[in-house]
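Q: For Gln89, Gly107, Glu108, Gly109, Lys110, Thr111, Asp502, the entry in Swiss-Prot reads ATP binding site. What Swiss-Prot records for Cys889, Cys891, Cys900, His901 is Zn(2+) binding site.
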Amino acid sequence: MVSLSIIARKLFGSARESRIKRLRQKALQISALEEHFQKLSDGELCQKTDEFRQRLTDGETIDSLLPEAFATVREAAKRVYNMRPFDVQLIGGMVLHNRGIAEMRTGEGKTLMATLPVYLNALEGKGVHVVTVNDYLANRDAETMGKIYSFLGLTTGVILHDLDTNARRAAYACDITYATNNELGFDYLRDNMTFDRSQMVQRGHHYAIIDEVDSILIDEARTPLIISGPLEDRTDFYNLVNTFIPNLTPEDYEIDEKQKTTTFTEIGTEKIEKMLEQAGHLKNDSLYDIENVAIVHHVNNALKAHKLFVRDKDYIVRNGEIVIIDEFTGRMMPGRRYSEGLHQALEAKEHVAIQPENQTLASITFQNYFRMYEKLSGMTGTATTEAEEFSNIYGLEVVEIPTNLPVQRLDEDDEIYRTTEEKYRAIVRDIRQAHEKGQPILVGTTSIEKSEQLAERLRKEGITDFKVLNARYHEQEAYIVAQAGVPGALTIATNMAGRGTDIQLGGNIEMRIRQELQDIPEGSERTAKIEKIKQDVQKLKEKSLAAGGLYVLATERHESRRIDNQLRGRSGRQGDPGRSKFFLSLQDDLMRIFGSDRMDSILQKLGLKENEAIIHPWINKALEKAQKKVEARNFEIRKNLLKYDDVMNDQRKVIFEQRMEIMNAENLTDMMIEMRNDVIEDLIETHIPSGTYSEKWNAKALQSELSQCFNLELPIEEWVKEDGIAEQQILERILDAVTKFENERTEHYSPEMMVYFHKAILLKTIDMLWREHLINLDHLRSVIGFRGYAQRDPLNEYKTEAFELFQTMLKNLRRDVVSKLMSFEIVQHPLESTMPQEMYAEHSTSRNIDKKDGILWAQMQNNTEVSDPIKRDPGDSSTWEKVGRNELCPCGSSKKYKHCHGSFIPKMDG
C-alpha cells in the first residue's frame with residue numbers, strides 16, 4: 001500500500017523541490033535585470049554601492065535590495081574576471097543570505113557564490129566575516145574575490161596568523177574580512193583580556209559565512225580555543241611515569257577503541273602502585289587516595305599515550321616536536337597541543353623535549369563562538385547527513401543546491417575482502433589497470449601510516465611515478481591536489497587533504513601560471529606563455545576525459561558518511577565524467593570496531609575464497625547503517641558536551657560583559673561604593689545576623705575581618721556592649737568610618753587617576769578569579785559523571801554546583817576588590833615597567849588540544865596627566881595641579897615628571 005506521504009510528494013513535490021522552485025523564480029527576477037546592468041558604465045556600476053547604502057538609510061530593507069545587489073555583483077564578476085555566476089549560484093547565494101547552509105557539489109563555484117550575499121550584507125556597514133579553514137584559503141579568497149569588492153567600492157581585509165594588533169584592527173574595520181575560525185576565536189578571547197577598549201581589534205559579530213561549514217561546526221565542534229599561561233615544570237615526573245608503562249603486560253590494562261579510553265585493571269593498578277612506592281611518589285598506599293589525584297592523572301595520560309595514540313597516525317615527530325594529525329583531514333596541525341598533560345606524556349614517550357603544562361586563562365568552543373553572530377550561514381559540499389545537528393544546535397537549515405550540469409560520475413559498489421593483505425593486492429591491481437590507460441587517480445587513505453604503506457607497495461610493484469600528499473608535505477598540498485587531474489597522475493592523499501582546492505581535469509591553469517610564471521613580469525612574453533599553458537591544459541583535459549575522468553579510489557571507509565562523500569565528490573566536477581570505488585576488508589577499523597562478526601560469518605557461509613571480493617548493494621547498506629550509528633553517537637556526545645559548555649558560556653558572557661562595562665566607564669565610584677557596602681553587609685549578616693540576641697554576636701570575628709579587609713581598626717567589641725544597640729546602627733557606623741577613611745586616602749588624587757586605579761584593580765581581580773574559576777569548573781566537570789552512580793542527573797548537578805561556584809567567585813571578587821582598594825599605596829614607578837604577562841593561545845580538540853599562538857603582552861597603560869599650579873608644595877601633590885610631562889617633578893627628585901610622580905600604578909597588598 002502506497003503511503004499518503006509518497007502520494008503527497010508526487011502531487012506537490014518535496015519540501016526541497018518547493019523551496020528550490022521559489023528560489024529559481026527569484027533567480028529569474030535577478031536575470032531579468034542583467035540587460036539593464038550590462039549597459040551601465042564601470043563608474044555607474046560602482047555608484048550602485050552608494051545608492052544601495054542611501055536606500056538602506058532611507059528605510060529600505062536589506063531583503064528588498066537583494067535582486068539588484070545580486071545583479072550588481074554578477075555584472076562586476078563578469079567585468080573583473082569574465083566569470084558570470086550561474087542561476088544555481090544565485091540560488092545558493094540566497095540560501096546563504098537567508099541564514100541557511102548551501103550544500104553545493106565540488107567545483108560548482110562556492111567561492112564566487114559567496115560574493116553575492118557578502119556584498120549585500122556588507123552594505124549595512126557592520127562588517128561581514130568570511131570564515132575558512134586555513135590561512136592559505138583565507139588569503140587566496142581575499143585576494144581574488146577582493147578585486148570584485150574593490151571594483152564595487154568596498155574594502156577587504158584578511159586576518160593571517162602572523163599579523164600584529166594594528167593590522168588586525170585595520171582588517172576587522174574593513175567592510176569584508178576573511179579569516180580562519182581559529183584566528184576569529186582567539187581574537188575574541190584576546191579582546192576580552194585587554195585592559196582598554198582601544199586595545200581591542202574586533203568590532204562585533206554581525207554576519208558570518210563559514211566555508212567548509214561541516215568541518216568547522218561539526219568536526220571541530222568539541223574543540224575549545226584556549227588562551228593559557230605556563231604552569232610549573234614537571235618534566236622529571238613525566239619522564240619517571242613514562243618508564244613504568246613498558247613494564248606492563250596486556251592483562252594490566254583495558255583499551256576501548258570505540259570510546260577511545262584506557263583504564264588500568266586491578267592487577268595493573270597494583271603494579272603501578274608498587275613502582276610509584278619504590279620511586280617515593282605514592283602517599284597512603286593507594287593510588288586512588290585523594291592525595292594522589294595528580295599522580296593518577298599523569299599515570300592515565302602515560303597509558304593513553306603509549307596504548308591509544310599511534311605514531312604517524314595520530315601524530316608525527318618533526319624537528320624534535322610532537323605534531324598532531326587531524327583525524328578528519330590527515331593534515332598536520334603545527335602549534336596545536338593536547339591539553340591536560342597528554343601532550344607532555346607523548347613527548348616523554350617519544351623522548352623529545354617536554355614543554356611545560358599551561359593553565360587556562362580564557363576559553364570558548366566554536367559552537368558557542370559562532371552562535372554569537374546575529375546572522376550565520378555556511379557552505380560545503382557535504383552537509384545533508386548532518387542536517388539534524390545543524391538545525392538543532394545552530395538553527396541552520398541545509399539546502400541542497402542543484403548542479404549546473406548533471407553529475408556523470410559513476411559511484412561503484414564497495415569491494416570487500418577478508419583481510420587487509422587481500423584488499424591491498426586488489427588495490428594495487430586496480431591502480432595498475434587505470435594507470436596504464438592514463439586515467440588520473442586519487443587514492444584516499446585514512447592516515448599517514450597507511451598512505452606510506454601503500455606507496456611502498458606500489459614501489460615494490462614497479463609503480464613509482466606518484467605523489468604522496470599527507471601531513472608531512474602540507475606546504476605542497478594545494479599544488480599537488482590542483483594537478484591531480486592531469487592524465488596519468490597518481491596521487492595518494494590522506495582523507496580530505498587539499499580540501500578547498502579544485503581538481504580540474506587537465507590541471508589547474510591558475511596554479512600553473514602562479515608556479516611557472518612567477519618570475520616573468522607582465523607583458524607580451526607572459527601573455528604568450530599564459531596562452532600556451534591554457535592550450536596545454538585543454539589538450540591534457542581531453543586526454544583525461546578520454547581515459548574516463550578522475551578515478552577516486554578509497555582504501556577504507558571513514559566513521560562518517562560525510563567524509564566519504566567528500567572524497568567521492570572530488571571526481572565529476574561540473575558535469576565531467578569520473579568514477580569512485582571503496583576497497584574494504586573485515587580488518588579495517590570501522591568493520592573491526594563496530595561489529596563485523598555477522599558479516600564475517602556470512603562471507604564464510606558464502607564460501608569466499610582468498611583474494612576474492614564480495615560486491616553487493618546489501619554490503620553498502622550494512623556499512624551505511626554502521627556509519628549512521630557512529631554518527632548518531634557522535635552527535636549525542638557533541639550535544640551533551642554543548643549542554644555542559646552552555647553553563648560556562650552563560651557565565652563567560654556575564655564576566656566579559658562586566659569587563660566591557662568597566663572598560664567603557666568614565667567613573668566607577670558608584671560601582672566601588674556598592675561593592676564596598678555589599679561586603680560590609682555580608683560581614684554584618686555573617687557575624688551579627690539580624691533577629692538574633694547580642695549574646696550570639698561574634699564581635700571579635702567581625703572586628704578582625706574588618707581589619708583584614710578594610711585595613712581599618714574599629715572598636716566593634718566596645719560598640720556591641722552599648723545598651724540597646726542594634727545591628728543596623730553598627731552597620732551605619734562601619735559605613736561612615738569606611739567612607740571617611742577612603743575619602744582621606746583618595747582626596748589627593750585626581751578623578752582621572754582614581755578611574756585608572758579602579759579599572760586596574762577591577763580588571764586584574766576579575767581576570768585572576770576567572771582563571772581560578774575555570775580550573776574549578778574543569779575539576780568539577782571531570783568528576784561530575786560519577787554522580788550518575790548515585791542515581792542523580794550529572795548535568796543538573798553540574799548546573800547547580802557551577803552556579804554555586806560562580807556565586808562564590810562573585811562574592812570573592814567583591815571582597816578582593818574592596819580589600820585591594822583600601823590597602824593600595826601610590827608609589828613611583830616608571831611607565832615602561834608595566835607588568836607584562838606571558839600568555840599562549842591554544843586550541844584544544846575534545847578539550848584536549850592547545851594551540852601555541854605566540855606571546856601576548858597584557859599591559860595597563862597610565863595615560864593620565866596630573867596638572868600643576870603656580871604654588872607647589874613638594875610634599876603635597878594636591879597643590880601641584882598641571883605639570884608638563886617633561887618638566888622636573890615638583891617633589892624635588894630632579895627627575896622628569898613623566899618618570900617620577902607622572903607615572904603611577906597601584907601597589908596592591910594580598
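Glycine residues also receive a Cβ, built from the backbone N, Cα and C atoms like all the rest.
Thinking about packing and proximity, how do these listed features fit into the structure?
A: Around Gly109 (ATP binding site), the same-chain residues at least 6 positions away in sequence with a Cβ under 8 Å from its Cβ are Pro85, Phe86, Gln89. Under DSSP, Gly109 (ATP binding site) is assigned to coil, being neither helix nor strand in the three-state scheme.
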Q: Determine the Cβ neighbour count for Thr111 (ATP binding site): the number of other Cβ atoms within 10 Å of its Cβ.
A: 17
Q: Other than its own, how many Cβ atoms are within 10 Å of the Cβ belonging to Lys110 (ATP binding site)?
A: 24
Q: Can you name the residues of this chain that are 6 or more positions from Asp502 (ATP binding site) yet have a C-beta less than 8 Å from its C-beta?
A: Thr106, Gly107, Ala482, Asn508, Arg573
Q: Compute the centroid of the Cβ atoms of Gln89, Gly107, Glu108, Gly109, Lys110, Thr111, Asp502, then list the same-chain residues not in that set whose Cβ lies within 8 Å of it, in sequence order, for the ATP site.
A: Met104, Thr106, Leu112, Met113
Q: Kindly assign Asp502 (ATP binding site) to one of the three DSSP-derived states: helix, strand or coil.
A: coil
Q: Counting Cβ neighbours within 10 Å across all chains shown, tell me which of the binding-site residues Gln89, Gly107, Glu108 comes out on top.
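A: Of Gln89, Gly107, Glu108, the one with the most crowded Cβ is Gln89.
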